[in-house]
Amino acid sequence: MSRELHLAGFLIASHVTHSHAAWRHPASETDYLGPDYYTRVAKTLERGKFDFLFFADLLATPVRYGNDIRVPLSSGTQASATIDPSLVAAVLAGVTDKIGLAITKSTTYFHPYELARIFATLDHLSRGRAGWNVVTSLNQAEAQNFGIDNHLGHDERYARAQEFLEVAYKLWGSWERDALVQNKESGLFADPDKVHTVDHDGEFFKTRGPLTVPHSPQSRPVIFQAGSSSTGKDFAARWADAIFEIDPTKEGRRAYYDDVKSRASNFGRNPDDIKIFPSFVPFVGETESIAREKQAFHNELADPISGLITLSVHTDHDFSQYDLDAPIEEVTVPGSQGLFDVAHRLSDKDSLTLRDIGKLYAQGVLLPQFVGTASQIADQIEEGFNGGEADGYILSAAQAPGTFDDFVDLVVPELQRRGLFRTDYTGTTLRDHLGLADASLEVRSAPVRA
């Protein structure tokens, strides 16, 4: 059977996406605090037969740049204001029918019981369309918001995440699929022999169970991950059904794809059971000239300081200490040379300054930009899909919902014409859309007794 391309849309429950300029675009909707904006995006993507809508999340206003929240708040940089995506997804579950709803939640600042309950609930409300992007969180500011003086180290965060998933799986399996009876005549609500405690007592977590939410349509949410370190890629290869990946180069995307698929095999998994989604920002026009005008207009709106604020968060390094117009060769930051090299490849300038780096970062966190007509963008997607870099792609908007409207109206029909993408949904759950087998959960521990 031939492979089928998968497509998804990326949002933050916020005023920006990867593009820090998105909120300033005249065509962008700015009411991210209400439901209408998210509803319109979700319905547009569902009209385009997308697999899912993916919500990233950030838990702190950035302060790494100059140790000051005034600048990110003034510039509206990424994470300066966000709302809870799990509640947005619950709203969208009621106004959509098919599109999957994947949201980000951290294993570092929540408890497995809480998140297991949230995702089982979302899976019920959406009738089997829930996904969880598992993250271990990013920085000191997030730790301090949750009353922790120092952000946990990398290895400890991933050890905690491993146990977190183990506990969540136990909790999702604590109700057998047919445990809920609700027989009004006999008066039997649930079969107590089919509801089980989990009695977990581990290094990081302790919980008795069972979950209060009965077995959900997918048994568990589709698990997403975005690991980039060796530990992170091993975690993804063990647990993930789908992986969100950022790399601006074809070579990097292909290397990541091969690496993670190989790691999955080492964990005894079928590599085809993990779907890998690189991301890009599309600029599509009726002509190439129109598309390039859209790109140029967007890119000019990007504020270099806003980009450097996010770069400071991502690298845990304060870039406010440098001259903005200093050549990057004079900026020595451990671990950042590779990032600067990538920026060079994305720019048409011979020499870059820190200001240039900030502007490139604000344009989309170094995501590649696919620019052209529907046919030209479909060419790039087809090349990557058939060239060993992707099972699907996540679209990040330069302005929303317009970027998604253009893609659905212009590019999706071209992909369908080429036989790459579905013309309609053939299933009802997110696992169905992704071509994944039913999720299995082990029956855990002893049954509940009165």
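Cβ coordinates come from backbone N, Cα and C, glycine included.
Since we're looking at a predicted model, the values are computed, not measured.
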Same FMN site as T104, H154, Y158, S228, S229 according to TrEMBL: which of D51, D57, D273? D57
Translate the DSSP assignment of D57 (FMN binding site) into the three-state scheme. coil
Name the residues of the same chain, 6+ apart in sequence, whose Cβ is under 8 Å from the Cβ of S229 (FMN binding site)? H154
Would you mind ranking the binding-site residues T104, S228 by how many other Cβ atoms sit within 10 Å of each Cβ and giving me the lowest? S228
